[in-house]
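Asks: Pasting a structure below so you can have a look.
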Ligand code: DX5
Ligand code: ZN
């Protein structure tokens, strides 16, 4: 399977974002993972669509926008206009899941659904033929640098089974590092988000190390 790496911007130096995004791109990242938090759905705040639009001009790799906001439907059009290539919405947020998928797809953007650690996979069943990505959170959303929740591995494995032959990417986010990477890949994940691990020290070395683990 083709494994993609999506460094999370949350761990970048926000005083030097352009520099850090260019470093991500230069080191062969497949996507930029952009965490959007509203201080309500999660107890942290990041940025809105205007900032994403400005950042979009700095690099060419696809923007994978993870919405951790209470009312995603209200903002989908604006994140699409800002240049998001993929938009993922939490199934726990307020706002009809079907309406969110429709709004994303209508803008020509790839739609994905996100599950927080306590949310069962079954909720995805009605939408499987309409989405391009499933994101399994391996920590409680809100902050970078948390530890991987071990129960996530079984959930990833079950999710890969649920996907079956459908062309849906299985993304994992939270606590992915040199120790947990192999476990999530073996369980069936194929899009790897990582923030604190990739940004600690030298991104080039860290990406190389990730690729080494991925290719066995
Ligand atoms: C957390 C965010 C993650 C975060 C991951 O809610 O969704 O994308 O940046 O950070 P690490 O890789 O440090 O766990
Ligand atoms: Zn994220």
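Each Cβ is built from the backbone N, Cα and C atoms, and glycine gets one as well.
Automatic prediction, not curation, is the source of TrEMBL annotations.
Okay, so TrEMBL annotates it like this:
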BINDING   8, 66, 142, 143, 144, 145, 173, 174, 175, 195, 196  substrate binding site
BINDING   33, 35, 66, 173  divalent metal cation binding site
ACT_SITE  35  active site, proton acceptor
ACT_SITE  173  active site, proton donor
Asks: Please list the binding-site residues from 144, 173, 196 whose Cβ falls under 6 Å of any atom in ligand 2.
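Replies: What lies within reach of ligand 2, judged by Cβ under 6 Å, is 173.
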Asks: Give me the count of other Cβ atoms within 10 A of the Cβ belonging to residue 8 (substrate binding site).
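Replies: Its Cβ has 25 other Cβ atoms within 10 Å.
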Asks: Sort out the sequence-distant neighbours of residue 196 (substrate binding site) for me: same chain, 6+ apart, CB within less than 8 Å of its CB, listed by position.
Replies: 11, 144, 145, 177
Asks: Applying the rule Cβ within 8 Å of the centroid of the Cβ atoms of 33, 35, 66, 173, what extra residues of the same chain belong around the divalent metal cation site?
Replies: 6, 8, 10, 34, 64, 88, 135, 193, 195
Asks: Measuring Cα to Cα, how far is residue 35 (divalent metal cation binding site) from residue 173 (substrate binding site) in Å?
Replies: 11
Asks: Long-range neighbours only, meaning 6 or more apart in sequence with Cβ under 8 Å: which ones does residue 33 (divalent metal cation binding site) have?
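Replies: Looking at Cβ-Cβ distances below 8 Å from residue 33 (divalent metal cation binding site), excluding near sequence neighbours, one finds 6, 7, 8, 9, 64, 66, 173, 193, 195.
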